[in-house]
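Okay, structure first, notes after.
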Amino acid sequence: MKLKRFLLRYYPPGIILEYEKGGALKTKSIDLLDLSPETDTEELISEIRKSEPLITASRVDQVKLLIVRLQEKLGQQDNRRFYLFKALQAHILPLTNVAFNKSGSSFITGSYDRTCKIWDTASGEELHTLEGHRNVVYAIAFNNPYGDKIATGSFDKTCRLWSAETGKCFHTFRGHTAEIVCLAFNPQSTLVATGSMDTTAKLWDVQTGEEVATLTGHSAEIISLSFNTVGDQLVTGSFDHTVSLWDVPSGRRVHTLRGHRGEISSVQFNWDCSLIITGSMDKSCRVWESASGKCMSTLAGHEDEVLDVCFDYTGQLIATASADGTARVYSAASYQCISRLEGHEGEISKICFNPQGSRVLTASADKTARLWDVQSSVCLQVLEGHTDEIFSSAFNYEGDTIITGSKDNTCRIWR
């Protein structure tokens, strides 16, 4: 085995090792979830060396440098205020979704106007318009961390794969018999998963454009899906009130997670793949153990449907957004509610953490997005200016830029 290079991962903190084994390039990650600016680096390096033979004596200085850089990053104060940088008249019809590439250098918008557009974040210039779909472009994603491909899922029942650099269409994935409403790339960027109103999910080969598997078993629409960070499991949430966990290599269902008493709105894995969270129209969020399929806890408290759920990057916090106009943050370890975020005057359809896990961003039907402090529950900022509901918002990887997408046909860049 020959170590090729180190890659730094800021959130969650860790180091990715790229190494060669039998001529093939492989990756292994060293998680540093407990790293803080106060951690003793010498002690940490000796711990890492005990468990990781790839880190030889000659590599120690390199690892130390990476850890110090991570500590500096973690120690940065994030008391920044965001200002409107640009309002883009993005589409001629309402937007459906927005998404950043990993570096945050560009982002994409999907729309009812049947297109997806690629934008340069720094200038706000439109780079490409991805045309070809015959109906609403609803689900969009970059193949992060690479960022060289984009997948678009449409109400025209197809998914298309595009070059992020040239805007050229590589493949059109045909096979679903109803609208595609969710999609995701696996972490290796070798597969795209699509979820459809036809009750199935499908896996597609990025290289060949061929269908790899059809995941059947749900009895109603699949509305949300998510790969785990290894890429060997996929979770799907459906209007049939259940969540399915699938083994990706075989396409077989491993577990059916039953317990919700309403349609599923959102599903996500945590970073180390051990837990799954699910949001439901039954007003609750549930936490499940992925190995056993067992429900670990039901996070109650919302007075209306839970519309979105997410983990922070380390998997230590869970955030929920509800049609009751409030959001909540829970500890993933104790399942206790640690913050109630109150102030919006309409339902909250999207929620996400900043990469540091210290802030929460919410997008609401009240035409505003809000930035909250996780520990104190204080609303730090109201991002105002949209003239209709905001249903998509995102941070870039550094946490220093926000995009919001609205029914008013515009998206706004805040930095």
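Glycine too: its Cβ is placed from the backbone N, Cα and C atoms.
For the domain 'WDR36/Utp21 N-terminal' (104-288), the predicted model reports an average pLDDT of 97. What TrEMBL lists as domain 'WDR36/Utp21 N-terminal' is 104-288.
Taken from TrEMBL, the feature repeat 'WD' covers 88-129 (among others).
A Cβ distance under 8 Å defines the sequence-distant neighbours of the repeat 'WD' (130-172), meaning residues of its chain 6+ beyond its ends; these are 96-103, 106, 108-112, 114-118, 178-185, 189, 192, 194, 196, 198, 204, 206, 209. Annotation source TrEMBL lists repeat 'WD' at 130-172 (among others).
The repeat 'WD' annotation in TrEMBL covers 173-214 (among others). Long-range contacts of the repeat 'WD' (173-214) within the same chain, counting only residues at least 6 positions beyond its ends with a Cβ under 8 Å from a Cβ of the stretch, are 135-136, 138-144, 146, 149, 151, 153-155, 157-161, 220-227, 229-231, 234, 236, 238, 240, 246, 248, 251.
Residues or ranges marked as repeat 'WD' in TrEMBL: 215-256 (among others). Here the repeat 'WD' (215-256) has long-range neighbours at 178, 181-188, 191, 193, 195-203, 262-269, 271-273, 276, 278, 280, 282, 288, 290, 292-293, meaning same-chain residues at least 6 beyond its ends whose C-beta is under 8 angstroms from one of its own.
Sequence annotations record features per position, and here TrEMBL assigns repeat 'WD' to 257-298 (among others).
The feature repeat 'WD' is assigned by TrEMBL to 299-340 (among others). Here the repeat 'WD' (299-340) has Cβ contacts under 8 Å with residues 11-13, 33, 262, 265-272, 274-275, 277-287, 346-353, 355, 357, 360, 362, 364, 366, 372, 374-377 of the same chain, all six or more residues outside its ends.
Under DSSP, residues within the repeat 'WD' (341-382) fall into helix, strand and coil as 0 helix, 23 strand, 19 coil. What TrEMBL records for 341-382 (among others) is repeat 'WD'.
Listed by sequence, the residues of this chain that lie at least six past the ends of the repeat 'WD' (383-415) yet keep a Cβ under 8 A from its Cβ atoms are 10-11, 78, 80, 82-100, 102-104, 107, 109, 111, 119, 121, 124, 346, 349-350, 352-356, 359, 361-371. Here TrEMBL flags 383-415 (among others) as repeat 'WD'.
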Long-range Cβ contacts under 8 Å made by the repeat 'WD' (88-129), restricted to residues 6 or more beyond its ends, are 135-142, 144-147, 150, 152, 154, 162, 164, 166-167, 388, 391-398, 400-401, 403-413
